[in-house]
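S.K.: Swiss-Prot feature annotations, pasted as is:
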- TYR159, ASN336: N-formimidoyl-L-glutamate binding site (BINDING)
- TYR159, HIS192, GLU263: 4-imidazolone-5-propanoate binding site (BINDING)
- HIS260, ASP334: Fe(3+) binding site (BINDING)
- HIS260, ASP334: Zn(2+) binding site (BINDING)
Amino acid sequence: MAGGHRLLLENARQVVLVCARGERFLTRDALRSLEVLEGASLVVGTDGFIKAIGPADAIQKQFSEETFEERIDCSGKCILPGLVDAHTHPVWAGERVHEFAMKLAGATYMDIHQAGGGINFTVERTRQASEEELYSSFQQRLGCMMRAGTTLVECKSGYGLNLETELKMLRVIERARQELDIGISATYCGAHSVPKGKTASEAADDIIKNHLPRLKELGRNGEIHVDNIDVFCEKDVFDLDSTRRILQSGKDIGLQINFHGDELHPMKAAELGVELGAQAISHLEEVSDEGIAAMASARCSAVLLPTTAYMLRLKQPRARKMLDEGVIVALGSDFNPNAYCFSMPMVMHLACVNMRMSMPEALAAATINAAYALGKSHTQGSLEVGKQGDLIIINSPRWEHLIYQFGGHHELIDYVIAKGKVIYKK
């Protein structure tokens with residue numbers, strides 16, 4: 001019996017499925033060659049989920065009596081899953097372009113931080129900004145990410161450090177989640193820095209006694225939806241004990257643990273994350289061998305951020321060792337005032353050049369594995385029947401051009417589609 005569907009993508013040169021057997025993540029040998037169909041078509045239903053993928057002639061025959069709200073001829077082009085950005089700080093006021101000049105002159109991240117710059121500078125301006133001002137700039141930033149192919153993005157609070165401003169940021173994120181087409185995973189990051197006038201232990205007490213109970217209440221009322229809890233576990237910021245207390249308290253109210261660890265100093269944050277059952281740990285430039293082995297065994301995702309290592313001139317995360325040992329490696333842009341990058345294609349390119357990842361490894365890390373880091377790989381991160389119709393169409397006969405063409409994604413990306421709806425067309 002004939003029926004209606006939302007979208008038919010016809011005659012693509014390549015359809016990059018990434019996965020084809022319902023995998024929730026890819027490691028080791030599964031990353032050597034991703035699942036790719038040649039000369040294929042794809043159907044998205046009116047519910048926004050993929051209904052069929054296969055050879056173009058077979059799809060044409062199967063759906064010859066069906067109607068579609070939209071058809072797109074993909075001849076000579078490639079269809080890929082929408083990209084997933086597993087780590088961003090996109091809600092803030094007060095740019096820090098002046099600090100870039102300081103870094104170029106030799107100042108370190110912690111030099112700037114201890115001089116009252118860095119996070120502290122942004123916190124002051126974010127506290128002063130209205131909710132509407134924050135939403136306006138956030139919406140523009142999400143638009144830039146979406147035009148670069150991102151269809152699911154993790155969004156952190158963390159430039160408030162007091163309950164009032166953290167909730168203001170989370171309301172901004174919730175509004176975007178409700179109103180915009182891009183997918184959002186919301187993260188409470190009230191432990192991004194220790195507020196002036198408090199010790200790490202005092203800040204942790206405030207978060208545990210005041211912030212988290214309020215988040216639980218607002219979540220129960222349906223006012224704010226938060227998925228993850230984050231802490232900046234670092235020397236002279238939050239030590240292991242404070243980090244453990246905050247993360248465990250967040251887990252106790254149902255939040256996934258997804259935190260900053262082992263970035264500037266070896267803290268044994270990876271080992272702590274595994275102990276607490278973390279879904280993901282980000283940065284990991286200074287992770288220990290034991291931490292890598294523990295993360296691999298626990299299926300705890302490593303969210304690597306090549307932009308940060310590049311811009312701060314840090315040593316690169318040991319992606320190659322993590323991949324070889326079976327860690328679930330994901331990628332994020334770390335978009336923030338200190339690492340101003342919207343583009344996951346650029347992140348993938350940097351991962352390949354600076355972290356020695358292959359192009360299939362980088363694409364998996366920016367799709368299925370990034371979705372896994374956010375607890376979303378059952379619905380997003382690959383092109384499979386039953387998953388959300390989140391995808392991009394690039395004007396190239398080979399998918400690798402999305403990574404190969406450094407900085408050229410605006411010329412490549414013809415369409416960005418979320419749940420079968422075209423949200424960007426060049």
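Using the three backbone atoms N, Cα and C, a Cβ is placed for every residue, glycine included.
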S.K.: Tell me which of the binding-site residues HIS192, HIS260 sits in the most Cβ-dense spot, judged by other Cβ atoms within 10 Å.
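M.R.: Result of the Cβ crowding comparison: HIS260.
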S.K.: Round to the nearest Å and give the CA-to-CA distance linking GLU263 (4-imidazolone-5-propanoate binding site) with TYR159 (N-formimidoyl-L-glutamate binding site).
M.R.: 19
S.K.: State the three-class DSSP label for TYR159 (N-formimidoyl-L-glutamate binding site), counting H, G and I as helix, E and B as strand, and everything else as coil.
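M.R.: Its secondary structure by DSSP: coil.
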S.K.: What are the non-local neighbours of ASN336 (N-formimidoyl-L-glutamate binding site), defined as same-chain residues 6+ apart in sequence with CB under 8 A from its CB?
M.R.: THR88, HIS89, PRO90, TRP92
S.K.: Specify the secondary structure state of GLU263 (4-imidazolone-5-propanoate binding site) as given by DSSP, simplified to three classes.
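M.R.: GLU263 (4-imidazolone-5-propanoate binding site) sits in coil per DSSP, no helix or strand.
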S.K.: How far apart, in Å, are the two Cα atoms that lie farthest from each other among TYR159, HIS192, GLU263, the residues recorded as binding 4-imidazolone-5-propanoate?
M.R.: 19
S.K.: In sequence order, which residues at least six apart in the same chain have a CB under 8 Å from the CB of TYR159 (N-formimidoyl-L-glutamate binding site)?
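M.R.: TYR159 (N-formimidoyl-L-glutamate binding site) has long-range Cβ partners HIS89, VAL91, TRP92, ILE119, THR122, VAL123, THR126, THR165, MET169, HIS192.
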